[in-house]
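As written in TrEMBL, here are the features:
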DOMAIN    5-147  domain 'Sodium/calcium exchanger membrane region'
TRANSMEM  6-23  transmembrane segment
TRANSMEM  35-58  transmembrane segment
TRANSMEM  78-96  transmembrane segment
TRANSMEM  103-120  transmembrane segment
TRANSMEM  126-150  transmembrane segment
DOMAIN    170-312  domain 'Sodium/calcium exchanger membrane region'
TRANSMEM  171-189  transmembrane segment
TRANSMEM  239-258  transmembrane segment
TRANSMEM  270-287  transmembrane segment
TRANSMEM  294-313  transmembrane segment
Amino acid sequence: MLLNIIYLLAGFIILVYGANLLVDGGAALAHRLKVPNIVIGLTVVAFGTSTPELVVNIISSIEGSSALALGNVLGSNIFNIMAILGVTALFVPIGIKRSTTWIEIPLAVLAAVLILILANGEPAGIITRAEGFCLLCFFAVFIAYTLFIAKRGGQETEEVNIKPYSLKKSVLFILLGLAGLVGGGRLLVDGAVSLAQMAGISERIIGLTIISIGTSLPELATSLIAARKKNADIAIGNVVGSNIFNTFLILGASAGISPLKVTTDSVTDLWVNIGVSVLLFIFVFTGKGRQINRWEGALFLTLYITYLTLLIVS
């Protein structure tokens, strides 16, 4: 048991550190190749915060742990909205841009509903490889839309801190980052599966809690830093964007590698995912202006604690 916990902790640390190295090296290399900063921010940096979830899910799919893969995506989406936005809103009310209100949040709701539709399609209880590739196509369209809006100046992104590394150092950081992601991801998945087996806990619960929270730490850190700098509107962009990434890219890639089984218990999680996404959209209009207020943040946190309690009790 203790060894599995050590594997989990070591996996988290190596995974996050590997993602940081990959982002730093990738951003520096892209800058040397004359890629515009805004494109770097919307691709390399955005991918970087979702890389831990992606790596964990790819390894889980390869090893046949579909419950862990699905639980990680759903758990991350639920944690992003209820915990990250909840904590951030307690620091400072979160302003929401018009495009986020009418495009990104509805798209996140659509993505949540789409998973439920795919899970109940034919064959029932399975997200097939073909459906996985369909999700990846949606992701490609989303990236194209994001870049189009950004180039027109209709979308603000956080400042991209690009370090002036040499070409060799950039490539070295990329390779070390990839190695850290693979190694950390393997430790994390193996530790989680073994811990679940020894403790008699389902892989679904491990994915919805420990794994999803751990892999969402980059989004949490980014959102809290944005709130501290009085740029809380960046937080909701990160959260909603991450949820869209999780559904279209990570779940799509996972199903593309190996079809994902959706159990009866997981269907409940799918409905929770839809519910919190819809609640986020509703909260946009319950305060003054388009923003998430402190009381709404407190409610999000209360609901998340209740959800975790019910998971543990069940």
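Keep in mind that glycine also has a Cβ here, set from the backbone N, Cα and C atoms.
These figures come from a predicted structure and were not determined experimentally.
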Would you say the transmembrane segment (6-23) and the transmembrane segment (239-258) are touching, if the rule is that at least three C-beta pairs must lie under 8 angstroms and be 6 or more residues apart?
no
Counting only pairs at least 6 apart in sequence, do the transmembrane segment (103-120) and the transmembrane segment (6-23) share 3+ Cβ pairs under 8 Å?
no
Based on DSSP, tally up the residues of the domain 'Sodium/calcium exchanger membrane region' (5-147) by helix, strand and coil.
121 helix, 4 strand, 18 coil
Look over the recorded stretches 6-23, 78-96, 126-150, 171-189, 270-287 and say which has the most C-beta pairs under 8 A to the transmembrane segment (294-313).
78-96
Candidates 6-23, 78-96, 171-189; stretch with most C-beta pairs under 8 Å toward the transmembrane segment (270-287):
78-96
The domain 'Sodium/calcium exchanger membrane region' (170-312): DSSP-derived helix, strand, coil residue counts:
120 helix, 4 strand, 19 coil
